[in-house]
Amino acid sequence: MLDIKRIRTDFEAVAEKLATRGVDAAVLNEMKKIDAKRRNILVKVETLKAERNTVSAEIAQAKRNKENTDDKIAAMQNLSAEVKALDAELAEIDAKLTEFTTTLPNIPADSVPVGADEDDNVEVRRWGTPREFDFEPKAHWDLGEDLGILDWERGGKVTGARFLFYKGLGARLERAIYNFMLDEHGKEGYTEVITPYIVNHDSMFGTGQYPKFKEDTFELSDTNFVLIPTAEVPLTNYYRDEILDGKDLPIYFTAMSPSFRSEAGSAGRDTRGLIRLHQFHKVEMVKFAKPEESYEELEKMTANAENILQKLNLPYRVVALSTGDMGFSAAKTYDLEVWIPAQNNYREISSCSNTEDFQARRAQIRYRDEADGKVKLLHTLNGSGLAVGRTVAAILENYQNEDGSVTIPEALRPYMGGAEVIKP
């Protein structure tokens, strides 16, 4: 959520920044008018309340003097009626302002590339060289079916489209990957957490999914509960409505969880395979940091995600997302895109973002600065470390052999009981 004070004092600069995220200037101008009206009403209310207090004191004095107070009582009643009417108008205006402030995206950092969509993202670096095959590489869904480790047909029968069963060494591979990821993040100082997989609406509001993106989630009917779209939600809300000690920052959390997404608006996209599912495992990283340290922490978090891909020897690239492609809550985002041979393309496998104080303001997560004792909003960061299903897809395709088998990356073999190859 944006700081209304910043919008007031730096309106033109904020409007210019948000325009790069597709926010119409007319929306901000309307918000500015409503906010000005609100402040005018507040002045009127305070003036009327002061007058009412004066009249009340005069009534008390008149009664002590045994004077007639009918006119003054009538005047006070009129003042009270005016205050009540203005308070009601103020409540309506506050609701409108809340609608504006809770649906406006975050202000992009100065270093974010300006652009309309993913075509304007900027590549930062690459690691590894895509393998040159001397045979036609198969897509991971064909490999998985041929190896008997991924079953989409029965997933569709039991649940529906975009669901599957992992079997045998496929299930073992999935488990090996997320255990490996959690262990690696633990070495970097992250505290492992097992979170609830169901959260309430306040939690979804805190991280920015609600109210704007309800259609992308799975809600439990007639309840206040939602299946988590990412462990970012429970991890970030862990400290909702709390004041942390500044000397304890930064704080690192990591968690593996299922993620549930309706994929509204994704009809026809990635209809086969592990890239876009309604339910998938993901290892998440979340940080709580002081404002002056948050961008250094973003670089570290991105490096933590890269570490996983490097140890799995999977070629990837890092891109800085443009203003038009960033997520709603992000001030800056790096995407890690892994090489998928059958698509001859890099595909997103991690997204690492600094939301600055955007989520902290919504969730009221603050810290007491040990330097001056003041209570301030901290910065929150989140990143995938990594999406597990997409990692399975990348391993199957990059490590496939001509006979249809798949070599298991060396880093995962201790987690696979020493198995080296998945064979048909």
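Backbone N, Cα and C define each Cβ position, glycine as well.
The annotation L-serine binding site is assigned in Swiss-Prot to Thr230, Ala231, Glu232, Glu284, Ser384 on the grounds of sequence analysis. Ala231 (L-serine binding site) is surrounded by 28 other CB atoms, counting those within 10 A of its CB over all protein chains shown.
Sequence annotations record features per position, and here Swiss-Prot assigns ATP binding site to Arg261, Ser262, Glu263, Glu348, Ile349, Ser350, Ser351. There are 22 other Cβ atoms within 10 Å of the Cβ belonging to Ser351 (ATP binding site).
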Determine the minimum-neighbour residue: among Thr230, Ser384, listed as binding-site residues, which Cβ has the fewest other Cβ atoms within 10 angstroms?
Thr230
Sequence order is fine: just name those binding-site residues in Thr230, Ala231, Glu232 with a Cα within 10 angstroms of Ser350 (ATP binding site).
none
Spatial neighbours of Glu232 (L-serine binding site) that are distant in sequence (at least 6 apart) but have CB under 8 A:
Thr207, Glu284, Val286, Asn382
Spatially closest candidate among Thr230, Ala231, Ser384, the listed binding-site residues, to Arg261 (ATP binding site) (Cα to Cα):
Thr230
Starting from each candidate's C-beta and looking 10 angstroms out, tell me which of the binding-site residues Glu263, Glu284, Glu348 has the most other C-beta atoms.
Glu284
Select the most exposed residue of Ser262, Ser350, where exposure means the fewest other Cβ atoms within 10 Å, treating these as the binding-site residues.
Ser262
